Every structure is written in structure tokens, then in C-alpha cells.
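J.: Okay, handing you the structure first.
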Amino acid sequence: MNFNNFSHRMANALDFTPGHFAQLIGVLFATVILFLVAYRTPLRIIVSLLILLIPFQFVETRYGSSNIALTYVFFIALYLRGSIRLIPLWGVVLLILMAYMISLSQVPPSVYREHIPYLIALVSAFLVFFIIYNFVRQERDVHFIPQLLLWLNLLVIIYSIAQILIGETKVALFGIKEFTLTHARGGNDPRLTGPFNAVGIMAEYLVITILLIAYELVHEQSGRKRLLLYGLLASDMALLIATANRGGFLSLILGMILFLILFRRELGLRRIVGSLIAGVTLLAVGATVIINYTSYGRMFERLSQTKVEAGVPDTRSVTWPMALEQIKNKPLLGHGPQLRLYKDFERKIPGHTPIFFPHNLYLYLLYTVGVVGLVAFMMLFLAVMLRTRRAARYDIGDPYLHGLLRMGALLIFIVLVDQIKLEFLRSSLIDYWHYLFMLLALFVGLADTALERTRGKGTEGDASAAPVAPPSASVR
């Protein structure tokens, strides 16, 4: 049989382009190799790869990405070797998955298969959650992932600077299509999108990272390391200006105010004043560089032009009412896992009325999975916040861990506030799903580790996570 003819027929049957089918074959082959390698690779290396690759999708189609495949491979390999021992918050996770399966009943039968890749991707986010949680519980190194996130931040900064220099042009590194840098938003409204390829998400990532770096500065004593942290902080603030995302900028201000209040005892009045001066100075320097030396300096112009119409920001005056109108039709169960289908404005789909993304997580959830799904997701975020706050009430003898638990609750709150103006659950933002679920797992794992220390018990004493049936001894 001629392989080229076979590949073209299979590509047509799966609604792939021949190029995407070739990528799929390559990914499947790489998956087998990765599984064999992952089975013998130390857990720290696997977790490091998983986290550092989150924003960088080498293969990405509307059916999935290389990082989704990587997550499944890593999870299966880790389970078979006995590294996945606990399933945290399993009740809430099950409720979320049930909400999505129930919402699938509201989907026109003709488009069932278009929702399946979304559900596969959603499961991959929970697999990231389980992997990171188990790593934190087993390794017990509270510094490892926060330090790894600083290295990730450095990679994001390098990528973003390259994107600013390249502008709207698509550049394939080393001539390889899969290594193409996503181009920044251009035209009359140039804005940095970063490796996440979304302005609002990039801004939210930067806000989270800036707050994490600020926390590291509270505890870091080495002058050289503090200088490096300030360098990352200045770069992140400059990149935030380059996104021109008003909501992200306001979230940063709110986050920094709450941060200074939360850690006022550790900082003291003198360091609080010093932190304010340093923060404003770094922001001013970053803004000066971006405004004067790039075309991405519209942040303050956009802030000055902000208007509110009937209590709704002008940029949401169309999308929010449109979503609310459709939500009324199916408020309890929603319209199905995905809000947008492939080219749904260009083709007629019986039973599906296309709408724009509402740019609001809560409206997005109400539209897709209804009240049931919204409640389930809020239970997840609330459970993580309550777990970290509960653990932070105890004297665990580790100031860094104790403060990190408080940071967890703060960061989740900031994300929930910031998601008023965007929705991270779009199918095009799967990499950010993995990032957020990694953070949630980190804080749940740290909280359970802290609670375990206070009890002086083993993991069997932790009722918050369900133990996983171990694989047979032959595969440990």
C-alpha cells in the first residue's frame, strides 16, 4: 500500500490536513519513546520538564497539543511505577467532570465529536494536578517548584522579548515550523501576547509571577540572588506594560496592596515603604523603556480611555449581554463543554447558536456547564483556599512554608478577580489550564504537608486525598 495515499485518506477521514496527520504519527511515535524514558526517569526531572514546557506547545492543533500527550504519558508512567499514590480533592474533581458529561447531553448530536478533544484536554489538566500534588507530598521540598517557576519566568521573558523584537512577523526557529514564535498583536492596537498567545492570560501570568517574586524577596538574604530577582521583577513589570491589559494592571495593584497587608508583620513599616518605592521605580523604568523604545506602550492610554456603560466596561458591553441572553435558555446544565466550535460563525450547525467569548469566566461557565458546573469549579477554588488558610493557622516551624501557604490563598483570590474580564477555559488556552492547575496542586500539596507535620502522622492520616490502588509489584 502506498503510504502517501494511505496518509491522505486517513487525514481526510479524521478531518486533518496531511501535515497534521504527519504530526500525529510523529507524536504517537514520540509518545512511545517518551513513555519508555519517563518510566525510568527521576521524578524531579519529569516534573521539571512538565512545568518548563507548559507555555511552549511544539505541536498544537484544534484536536490537542504535544503537552496534552506528554501529560498523559507522564501520568501513566508515574502511576505504573507507583509514584501516583493520592488523588487530592477527588470529590470536587469528580463533580466537575460529571458537570461536563451532563452538559454534553445538551449538545446537538451532530457535533458530539467536536467536544471530545476539549474533555480530553480537561482531564489532562487534572492529571497535571495529580502529578504535581504527589510530587510535593513525596519530595517534601517546599523550595523546588517555586525556584523552578523562576526559571520558567526567565524562559517566558526571553520568549516575550524575542516576540517584541519580531513584532507581527512569524519566525520559525532553525527553520522548523513547530518552533514558530507566536506573533504579537499588531495593527492599530499592538500588544504583547507572550507564549500563551493571549493578551489577558499573559498579563495574568505576569501578575501571579510578580507576586511570587515579591514573596521570594521577603525571604531571600543573598545579595546576588536578590539582584537577580529584581531583574526578573523589572522585566515582568515592563512586559505587563507591553500587554496594555488594563485588567491585569489593576489586578497587580490590588495584589500588591493585599500582599503588603498580608505580610506587614514580616516586612515592618520600613520595608513596606522601601517595597513601595522599589515597586514604583521598577514600574516607571519598565514603562519608560516600553513606551519610548517599542510600539507596545498603550497601557496608560487605554487606562485613560476606559469607559463604563450601565455598570459594564465598554469592551464588554456587547459580549456580556449576549452571553446572558443565551444563558437564560439553559441555565442549569449549560449548552455543552465548549462555547465556540470550529468555524461556527461560518457554518450552520442545527441547535447551536454561536456567540462571542464573553471575556468573563463566570459567564463562560454558566453558558457551557450551567449553574452545576459553575458551583463545581467554585468549590474547587474555595477548597484550595480553605485548605491553605487552615494549614497556615498552625505553627509549622518553617516561616517560608507558612508564608507560601498564605500566598496561595492570595494568588487564587487575585486569579478569581482577574477572571472577571477573561476566561482561562477556552480551548485555545490549554497551556494556561496546566499552569493554573499546577499552582493549585502546589498549594494543596504544601497545605497537606504542613498539616501532616502538625499531626505527626503519615499520609494515611490525610482524609483530604483518596489513596490510589497501587500497581502490581511487577511494574513498581
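Quick reminder: no glycine exception, Cβ is built from N, Cα and C everywhere.
So TrEMBL lists the following for this protein:
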TRANSMEM  20-37  transmembrane segment
TRANSMEM  64-80  transmembrane segment
TRANSMEM  87-104  transmembrane segment
TRANSMEM  116-136  transmembrane segment
TRANSMEM  148-166  transmembrane segment
TRANSMEM  196-215  transmembrane segment
TRANSMEM  227-243  transmembrane segment
DOMAIN    238-378  domain 'O-antigen ligase-related'
TRANSMEM  249-265  transmembrane segment
TRANSMEM  272-293  transmembrane segment
TRANSMEM  361-382  transmembrane segment
TRANSMEM  403-420  transmembrane segment
TRANSMEM  432-451  transmembrane segment
REGION    456-476  region 'Disordered'
COMPBIAS  463-476  compositional bias 'Low complexity'
J.: For the transmembrane segment (196-215), find every same-chain residue at least 6 residues outside the stretch whose CB is under 8 Å from a CB in it, and list them.
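T.: Same-chain contacts beyond the flanks: 55, 146, 149-150, 153, 156, 160, 182, 185, 229, 232-233, 236-237, 239-240, 243-245, 247-249, 251-252, 255-256, 259, 263, 275, 359, 403-404, 407, 410-411, 414-415, 418-419, 421-422, 424, 426, 428-429, 431-432, 435, 439.
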J.: I'd like to know if the transmembrane segment (403-420) touches the transmembrane segment (87-104) in this structure, counting it as a touch only when three or more C-beta pairs sit under 8 Å and are separated by 6 or more positions.
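T.: Between the transmembrane segment (403-420) and the transmembrane segment (87-104), which are separate recorded stretches, there is no contact, as judged by 3 or more close Cβ pairs.
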J.: For the transmembrane segment (148-166), what are the same-chain contacts with Cβ under 8 Å, counting residues 6+ beyond its ends?
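T.: Beyond its ends, the transmembrane segment (148-166) has Cβ neighbours at 47-48, 51-52, 54-56, 181-184, 192-195, 202, 205, 209, 212-213, 216, 229, 232, 235-236, 239, 242, 294, 296.
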J.: State the residues, same chain only, that lie 6 or more residues beyond the ends of the transmembrane segment (403-420) and have a CB under 8 A from a CB inside it; answer 'none' if no residue qualifies.
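T.: Apart from its flanks, the transmembrane segment (403-420) reaches 142, 146, 204, 207-208, 211-212, 215, 218-219, 247-248, 251, 254-255, 258-259, 262-263, 266, 360-362, 381, 384-385, 388-389, 391-392, 436, 439-440, 442-443, 446-447, 450.
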J.: Any idea what the model's mean pLDDT is for the domain 'O-antigen ligase-related' (238-378)?
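T.: 90, rounded to a whole number.
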